[in-house]
């Protein structure tokens, strides 16, 4: 009754107005699952390939080739197979593609089908997606890492680092965490405006003021947390996503906004100093994706005190994660479904991290849609943390709203991760 009977893929637009792939998978019993694929602005060199058409249409960013692959070649390969056989279906698509980075069919085609299959199977089973994927133990609501100041590739301003986040660990529920985040977000808007800064928002819904340094951004956030009635370092902690690969040039870190250039060791020391000065408990991509020595230096300096998240470093790839674990590099992995391109491989990356006592953070991309699948996956995997942007833009809020619904559905079984995510 759960055999796949049809796949209908289409080209839709993401939150940046760029094309992306959406897939509907239909089953024999009438069940249907729909998934839309996100897209990143700052992408790791080792990510699975997002297939684009080239040419004049959509300035080369069309996805008709990926849509065609899903509708024809992929459907021909998996049509008739039970949707409950997720691993088999994903492996068939990976083998059908035949490349190490999914560049022939496109990770956007494969992922769209993979997620839609899981959602169709969940509907057929009468279970919410988080329960279908995660089983009876899926009950941990993640701490949101809310990106309220944007810089780097996500905004048109001088700030070198890409994201400045708040983590409301002092909340008792995800609903309360969202409220706390919203209050700080709106307080920050007033603080920025009062100082003459613009309050335009970036790709992920955070403000993109013309600040020149990380310290200036962090000072604004700390002040806003306090003015909103919360205690920095108790109710709310801070997090950074440096996206350091974006400003790593000729073996050095070029902080143009701050007017300085740092060697790897000095960059690690700078980040450790920021973490000591401010209530920072998480730094993502503090070093560049292939600067393994720099990552080791940063881990040795700060790895026992704070969470060091590998995004471009690991690209949700279990093989690269195992390399990092073996080398004692970082202590956490950022999990982006489109970096690896299938649900099975995504879950494998989370399991690999947890077995090595690394944390895992479920994450959106800067180019998103109204699809809220990652909210369910964060609960399904008991990650305990989720990155899905700021407290504005419907493409970001869709995930927060879904987490609130999941918490409501879990009732007394629901647990909010809260302070359990803090290291040291």
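Just so you know, glycine gets a Cβ as well, placed from its N, Cα and C.
Here Swiss-Prot flags 162, 336, 365, 366, 387 as (2R)-2-phosphoglycerate binding site. What Swiss-Prot records for 204 is active site, proton donor, and it gives sequence analysis as the kind of evidence. Annotation source Swiss-Prot lists Mg(2+) binding site at 241, 284, 311, citing sequence analysis. According to Swiss-Prot, the feature active site, proton acceptor maps to 336, an assignment based on sequence analysis.
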Neighbours of residue 241 (Mg(2+) binding site) among the binding-site residues 162, 336, 366 (Cα to Cα, within 10 Å): 162
DSSP state at residue 162 ((2R)-2-phosphoglycerate binding site), helix/strand/coil: coil
Count of other CB atoms lying within 10 Å of the CB belonging to the residue listed as 'active site, proton donor': 31
Rounded distance in angstrom between the Cα atoms of residue 311 (Mg(2+) binding site) and residue 336 ((2R)-2-phosphoglycerate binding site): 8
Count of other CB atoms lying within 10 Å of the CB belonging to residue 366 ((2R)-2-phosphoglycerate binding site): 24
Local Cβ density at residue 162 ((2R)-2-phosphoglycerate binding site) - other Cβ atoms counted within 10 Å: 29
Chain-internal residues, separated by at least six, CB under 8 A from residue 387 ((2R)-2-phosphoglycerate binding site): 144, 145, 147, 165, 241, 334, 361, 362, 363, 364
Greatest inter-residue Cα distance in Å for the (2R)-2-phosphoglycerate-binding set 162, 336, 365, 366, 387: 17
Candidates 162, 204, 336, 365, 366 (recorded positions) - the one closest to residue 284 (Mg(2+) binding site) by CA: 162
